[in-house]
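Written below as structure tokens is the structure these notes are about.
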Amino acid sequence: MIKLGSHVSFKKPNYLAGAAGESINNKANTMMIYLGAPQTTKRVEFELYKKQEYLDFYAKDIPAEDIIVHAPYIINPANPTKAKFSCDFLIQEINRMNYINAKYLVLHPGAYTEFAPQEALDQLVKSLTHILSKTKDVVICIETMAGKGTEIGINFEQISYLINKLNSDRIAICLDTCHLWDAGYNLKDYQSFKDELKKWNLLKHVKVIHLNDSKNELSSHKDRHANIDQGHIGLETLAKFVHDKDFDNIPIILETPYVDNKPIYDVEIQMLLNKKP
């Protein structure tokens, strides 16, 4: 089954119910939310989530297991000086996810800043090991990054290192097509890309996909999302992810720009579903 949706707002007054309703209007069957603004760790109380309204009216079309939560950008669990704050926050975020029964948390792996890249990778392993020990159920999906600044998680070697060191069924991967392209993976040579995933034994660990076109050339390390078929990757390549049997039942999430101050996820979802290989 194809699971295709987008990022939608989780905001007052309807929070979870409002996000699910918006997704269903877009003809989506999965969705991604932030439990607060992406640039902050401020959160509202569980009681405001409108969970019962979601269960009564929307859970049939978008089950809780297909609600993806994205961690905020501003935490850095790979930085030794900021790891404690990041861990404490993520433990609470997973508790909030448990309340709504969401299964997958997408996490930017962080940046090495003034430290060495290997130090940051090892700190991330320590941070995630601690978080796993203090939480239950939720699977943390490490997102592939574009290589902007001092980001880690920018190639399959680093992602494989993290997966193997953590060695947990609660650690997985979120592929981001824009980030992969900007990091240097030529998705247009789709079979070679899949072969590279398999070479590193990562295909089976992919549990979420962010499907975005890119405003930049291959290997730009910029991370600037474009609308579907309006960037350098193109509809033909991006649709292959949607219709790939290896990615059946894996939530595929659009994070594309607004057009004229509004999202066009409904249009993009139909474009992708209609573009069969």
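Heads up, the Cβ atoms here are built off N, Cα and C, so glycines get one too.
Here Swiss-Prot flags His70, His108, Glu143 as Zn(2+) 1 binding site, drawing on sequence analysis. Residues annotated as Zn(2+) 2 binding site in Swiss-Prot, with sequence analysis given as evidence: Glu143, Asp176, His210, Glu255. Residues or ranges marked as Zn(2+) 3 binding site in Swiss-Prot: His179, Asp223, His225.
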Point to revise | Spatially closest candidate among His70, Glu143, Asp176, His210, Glu255, the listed binding-site residues, to His225 (Zn(2+) 3 binding site) (Cα to Cα) | key: Glu255
Revision key, fill the gap. Of the binding-site residues listed (His70, His179, His225), the greatest number of other CB atoms within 10 A surrounds the CB of His179
Practice item. State the Cα to Cα distance, in Å, between Glu143 (Zn(2+) 1 binding site) and Asp176 (Zn(2+) 2 binding site), rounded to an integer. Key: 7
Practice item. Inside 10 Å of the Cβ of His108 (Zn(2+) 1 binding site), count up the other Cβ atoms and send me the figure. Key: 24
Point to revise | Long-range Cβ environment of His210 (Zn(2+) 2 binding site), under 8 Å and at least 6 residues apart | key: Val106, Glu143, Cys174, Leu175, Asp176, Thr177, Cys178, His179, Ile253, Leu254, Glu255
